[in-house]
Amino acid sequence: MTTLTKLTKDDKVRKNMLFYGILIISFIIIGFLVPGDPTDFGIISAIPAAFLIIFIFKTKRIIEALTLALLLTTIMGYKGEFFGVFNEIILENLMNEDMAWLFIVCGLMGGIVALVESSGGGYAFGSWVIQKAKTPKSSMLWTAICSIFLSIDDYLSVLTTGCAMTPINDRHKIPREMTAYIVDSAAAPACVLNPISTWAVFIGGLMVANGLGEPGQQVLTYVKTIPYNFYAMAALVVLFLVIIGVIPVFGPMKRAFERVQAGGPLAPPGSERIDIRGGKEQEVPENPKLRNFFVPMLVLISATIFFEFDMQMGVVAAIGFNFVWFVLQGMSPEGFVDEVLRGLKNMITPLLMMVLAFSFADGCERIGFMEYVVDVATEHITLQYLPLTVFLVFAFTEFIMGINWGMYIIAIPMVVPITLALGGDPIVMVGVVAAAGVWGSHCCFYSDATILTSAGTGCENFRHAITQIPFGFIAGIIAAIGYLAMGFILY
């Protein structure tokens, strides 16, 4: 090791020690100065959210940012008891039913992807599609259509489409950031517009629970909200306009294309850490068979639909079927288990991000962040501005908290009585809330949709989010204008 190299490393160590020393002292000072009761925080409750966004943009280190932001919320809310509460929040979120569901679904989806890949099914599918998608534009269109076709569930859509179409787009020299944008933008927006999706069942169930429909009529009740989901419609329109070139790529996405055109890598640096394929290039198998792609995927989709859109039941059933399917083709039981474990291991980083994201959202909720934002936004609201206000407020809170469906659980019981008190139509406003959730999830750096899309397409999480946000904002502005106009037209 040269003296210069040693000095450089020593300088980095000193800089890191100074940075984190200042950070810890700042956290302690903030914790000492804030009121003892979190209900008195007011605007102070936004400090962790502001810190999180600034830290992510400055360092691009999302796991570290979420950990530190959670630490700050516990110091603010619990002062000297922060360490115990910090561990308690992480443990609660790691062990709750929703996170267990995510671990089962995402882990086993990783296993299915590994099986399809090792059997040559993914390569065979790529060779089949490449004959039809002969240009970059047609390949991107195929990616969007595939994602929309799988819109019964956004997890199913992003993981399946990402794994299937990324190698094909790679052959056309399409940067991973663009593939991730297409997969993400055609998943949740299509799901929320699809009356036979997990989103329809879930939000429809919340509507029935809040008195907006009859028991057993969840889907029919939800369908009434679809015409008011302006963001989902705008996101899909913007996506296809970008693919066909009417809206040119710009900003960070343009720089991604320039990197690839200059002979640089298709995936941005650090992508191998989150890639569901472990960052490995697709190998050419000895005897690739197209059936080893289509049969496992069709079983997964069919099982999910059969079990009333229960993705967990669908993926467990698919794993059971795949054991028989691949063992009959000569794969050993030990080899099957090894492939499933390899796929599960490749999902550890995305799952860790989701644990921290849900924990941070829990911390924000404990110090009253969402309640503060809602109270400020609705203090002097009128019916004409209600659609726009609801969209902006809950899009912002979802962007910060990244809790996806958890936001709907909180928001719908808030919005329904406010709408009724002002004389509005709660069905319309649930459609607006649904749109807000999709926008926030779509643009959030650490939402489950962003993380799983990054995993499925093998694109570093920050680069996926930062290249997608400009197009999300275009669709968001279109939706906001629509809600402003709708408020005055309807009321």
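The backbone N, Cα and C atoms fix where each Cβ goes, and this holds for glycine too.
Remember, TrEMBL labels are computer predictions, not curated facts.
Feature annotations, reproduced from TrEMBL:
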type     : residues : note
DOMAIN   : 191-488  : domain 'Na+/H+ antiporter NhaC-like C-terminal'
TRANSMEM : 17-35    : transmembrane segment
TRANSMEM : 41-57    : transmembrane segment
TRANSMEM : 62-80    : transmembrane segment
TRANSMEM : 100-130  : transmembrane segment
TRANSMEM : 181-208  : transmembrane segment
TRANSMEM : 228-250  : transmembrane segment
TRANSMEM : 313-331  : transmembrane segment
TRANSMEM : 343-361  : transmembrane segment
TRANSMEM : 381-401  : transmembrane segment
TRANSMEM : 408-439  : transmembrane segment
TRANSMEM : 471-490  : transmembrane segment
Candidates 100-130, 343-361, 381-401; stretch with most C-beta pairs under 8 Å toward the transmembrane segment (62-80): 343-361
Within-chain partners of the transmembrane segment (181-208) [C-beta distance under 8 Å, separation at least 6 from its ends]: 140, 143-145, 147-148, 150-154, 157-158, 161-162, 165, 214-215, 217-223, 225-226, 229, 231-233, 235-236, 238-239, 242-243, 253, 305, 308-309, 311, 405, 408-409, 412, 427, 430, 434-435, 438, 441-442, 449-450, 453, 456-457, 464, 467-468, 471-472
PLDDT averaged over every residue in the domain 'Na+/H+ antiporter NhaC-like C-terminal' (191-488): 91
Among 41-57, 100-130, 228-250, 313-331, 408-439, stretch most in contact with the transmembrane segment (471-490) (C-beta, under 8 angstroms): 228-250
The transmembrane segment (41-57) and the transmembrane segment (17-35) contact flag, 3+ Cβ pairs under 8 angstroms: yes
Stretch with greatest number of CB pairs under 8 Å, the transmembrane segment (228-250) reference, 313-331, 343-361, 381-401 candidates: 381-401
Maximum Cβ pairs under 8 Å to the transmembrane segment (313-331) - stretch from the list 100-130, 343-361, 381-401, 408-439: 100-130
